[in-house]
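Here is the structure we will look at.
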Amino acid sequence: SVSAEKEKDPKYWRDQAQQTLKNALRLQTLNTNVAKNVIMFLGDGMGVSTVTAARILKGQLHHNPGEETKLEMDKFPYVALSKTYNTNAQVPDSAGTATAYLCGVKANEGTVGVSAATQRSQCNTTQGNEVTSILRWAKDAGKSVGIVTTTRVNHATPSASYAHSADRDWYSDNEMPPEALSQGCKDIAYQLMHNIKDIEASAGQVIMGGGRKYMFPKNRTDVEYELDEKARGTRLDGLNLIDIWKSFKPKHKHSHYVWNRTDLLALDPHSVDYLLGLFEPGDMQYELNRNNATDPSLSEMVEMAIRILNKNPKGFFLLVEEAFALASQGGRIDHGHHEGKAKQALHEAVEMDQAIGQAGAMTSVEDTLTVVTADHSHVFTFGGYTPRGNSIFGLAPMVSDTDKKPFTAILYGNGPGYKVVGGERENVSMVDYAHNNYQAQSAVPLRHETHGGEDVAVFAKGPMAHLLHGVHEQNYIPHVMAYAACIGANRDHCASASSSGSPSPGPLLLLLALLPLGSLF
């Protein structure tokens with residue numbers, strides 16, 4: 001091919017490196033603007049091996065070898081590593097990590113929006129230990145706020161932005177123990193509707209994802225899956241949280257609730273202030289299985305969210321979650337890394353990359369800080385000395401020198417793909433290993449594959465992105481986002497107001513920050 005011929009010439013590599021060097025030298029002029037907008041993309045389970053494999057898949061979907069492709073996040077100028085452990089867990093979960101990267105405080109696994117003084121499932125350890133999130137700080141500063149997720153809107157990741165719960169699984173009161181209810185703890189769906197209702201007059205609000213059933217009274221038939229009992233309402237308190245959400249709207253504001261893609265795309269963002277979109281009873285369908293008529297893509301949701309939130313002159317905070325790894329919920333979602341289904345997970349990652357590009361095209365690095373990271377990794381790996389351009393879902397070029405059988409490049413350390421046939425490892429050439437739901441082989445049999453414990457990448461661009469630059473504790477991330485946006489507790493560096501009406505770092509403080517310490521005395 002043309003590219004293969006180019007790569008034989010040393011000039012190709014030298015020119016590419018010199019161009020990269022030029023780009024790097026430009027970064028010496030730091031972007032110290034105030035971030036009017038902050039967008040956080042969270043790839044649930046997006047470890048570094050997933051990023052690399054997704055990059056190759058993206059290229060191969062465009063009929064290229066793949067390895068040389070650039071993901072949108074690859075183009076971000078600043079990259080850091082995030083240490084993901086929870087206060088009580090070496091290998092973390094999505095709740096304790098969400099509390100870290102949204103609330104700025106590390107916490108116990110399974111808890112959201114509370115400090116490590118709260119013990120999982122112990123309602124009476126919650127009070128007084130609540131911690132607020134960057135979504136709250138943005139809202140308190142008059143910014144519009146948004147949550148877009150492919151999971152339930154009351155799932156671990158989004159819930160840490162608005163809820164304070166001793167247990168991530170308390171989706172509705174139906175999932176709570178009687179003791180927790182009697183002690184006054186509220187379920188996460190209830191908190192979603194009540195904790196972010198007091199929006200300032202100029203601000204907007206967007207909530208999009210799955211999780212319809214947790215908003216309706218027990219056994220209420222679902223609007224889309226009328227015959228599916230698992231899709232029915234779950235609430236024991238008889239509340240209709242959609243109606244409650246609608247009732248909070250100020251009189252002169254326009255709110256819209258939608259449950260399908262058609263209604264979402266028909267909206268005029270100029271005439272929408274508050275948007276609630278719940279497109280599935282539980283988690284949303286994975287991209288490869290998505291029903292185009294009823295479920296919007298992540299990119300479509302992100303585009304609509306930004307168009308609505310962008311109207312606020314004070315800016316916005318938007319959390320976007322793409323989940324690559326969900327354990328099965330109500331029999332509907334059983335794909336992604338936890339199920340050993342690498343193809344599902346990697347196509348999710350490519351869709352998230354498209355949404356990152358979409359957001360980039362709609363905003364400016366001059367006033368928008370964008371951070372892309374993961375909550376944790378997975379025990380997902382690919383190797384086997386595969387040749388250049390080998391299908392990312394393909395076989396290694398040789399058979400095992402031990403059991404004489406072929407093996408796929410993608411493997412898992414543990415999970416449901418462990419298969420023994422006739423006392424030996426299954427021969428993968430006898431199965432369709434390119435199938436969407438193929439479960440890659442694993443070393444240890446488990447019903448659900450586990451998270452991985454290694455650091456994850458943090459990609460950043462825009463104002464103050466250079467503050468994400470090394471190996472950081474995960475809870476450092478929202479402190480950077482808040483500093484850049486002049487929101488939250490640490491605002492000493494922000495002048496009261498600039499001519500544009502938004503704060504800017506005071507020139508004197510910036511000058512002092514550049515002086516050697518001794519010259520101040």
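Glycine too: its Cβ is placed from the backbone N, Cα and C atoms.
Automated prediction, rather than curation, is the source of TrEMBL annotations.
What TrEMBL lists as active site, phosphoserine intermediate is SER94.
The Mg(2+) binding site feature in TrEMBL is assigned to ASP44, HIS155, THR157, GLU321.
Counting only residues at least six positions away in the same chain, the Cβ atoms of LEU42, ASP44, GLY45, THR84, PRO92, SER94, THR97, ALA98, TYR101, THR157, VAL456 sit under 8 Å from the Cβ of ASP375 (Zn(2+) binding site). Taken from TrEMBL, the feature Zn(2+) binding site applies to ASP44, ASP334, HIS338, ASP375, HIS376, HIS451.
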Original post:
Using Cα coordinates, what distance in whole Å links GLU321 (Mg(2+) binding site) and HIS338 (Zn(2+) binding site)?
Top reply: 17
Original post:
If you draw a 10 Å sphere on the Cβ of SER94 (active site, phosphoserine intermediate), how many other Cβ atoms land inside?
Top reply: 28
Subject >> Cβ neighbours of ASP44 (Mg(2+) binding site) where a neighbour is any other Cβ within 10 Å >> reply: 28
Subject >> Cβ atoms near HIS376 (Zn(2+) binding site) (within 10 Å, other residues, all chains) >> reply: 28
Original post:
Between HIS155 (Mg(2+) binding site) and HIS376 (Zn(2+) binding site), what C-alpha distance do you get in Å?
Top reply: 15
